[in-house]
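> Okay, here's the structure, questions in a sec.
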Amino acid sequence: HTDVYFWEAKGQTPVFPRILGHEAGGTVESVGEGVTELVPGDHVLPVFTGECKDCAHCKSEESNLCDLLRTNVDRGVMIGDGQSRFTINGRPIFHFVGTSTFSEYTVIHVGCLAKINPEAPLDKVCVLSCGISTGLGATLNVAKPKKGSTVAIFGLGAVGLAAMEGARMAGASRIIGVDLNPAKYEQAKKFGCTDFVNPKDHTKPVQEVLVEMTNGGVDRAVECTGNINA
């Protein structure tokens, strides 16, 4: 859905032609000059929220919006020389969020690659490069619910379910899923959802409904709606 969003030119600066795709698993074919973190043959996941590891955001425990690789994620070219690595008939094709994974081969900044265990199946772990890590990290690294707490998850798509799994792993005793689609409740139960709220079923604001359900409020709330910044 994120790729469709950008294909429709709704996100940031529309740049065409370009190769879309932001989730994948792959093998390093070669490395550029100065790259020491990876070697050919390594198994990796591309991540559009890269880390230079040197800026204030990368060194902070509260943020991962890297000054180099995240603030201008839709740049369309490589950072080093401002040029594309894709061409057709001599004309450049632009990159997409630093990954361009809808291609058999792609060129990615080393800060946008995460090395993984070579035994992990690449056709399955590809989802970890975006939605799963986003939701799981939002809960475990940002919301940080305590054991026995009550957590509300707004939006039960892939990111929301991953956030829900994080709440379950953290030991939350009550996990409330909030979504406009009631059909998502059954799937959410597999990830620890104990209660479901559809805002359409109520005449009052959903936050008031949650307060009444929990006799005072929710300990943590994670919103997992939207697109690339979910």
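Here, residue 1 is simply the first one shown, and the rest follow in order.
Note that Cβ sites are derived from N, Cα and C of the backbone, with glycine treated the same way.
Whatever TrEMBL says is automated annotation, not expert-curated.
For reference, TrEMBL lists these features for the protein:
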{"type": "DOMAIN", "residues": "1-116", "note": "domain 'Alcohol dehydrogenase-like N-terminal'"}
{"type": "DOMAIN", "residues": "158-227", "note": "domain 'Alcohol dehydrogenase-like C-terminal'"}
> Tell me the residue counts in helix, strand and coil for the domain 'Alcohol dehydrogenase-like C-terminal' (158-227), as DSSP assigns them.
30 helix, 12 strand, 28 coil
> What mean pLDDT does the predicted model reach across the domain 'Alcohol dehydrogenase-like C-terminal' (158-227)?
90
> Can you break down the domain 'Alcohol dehydrogenase-like N-terminal' (1-116) into helix, strand and coil residue counts using DSSP?
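Once the DSSP states are binned, the domain 'Alcohol dehydrogenase-like N-terminal' (1-116) shows 13 helix, 17 strand, 86 coil.
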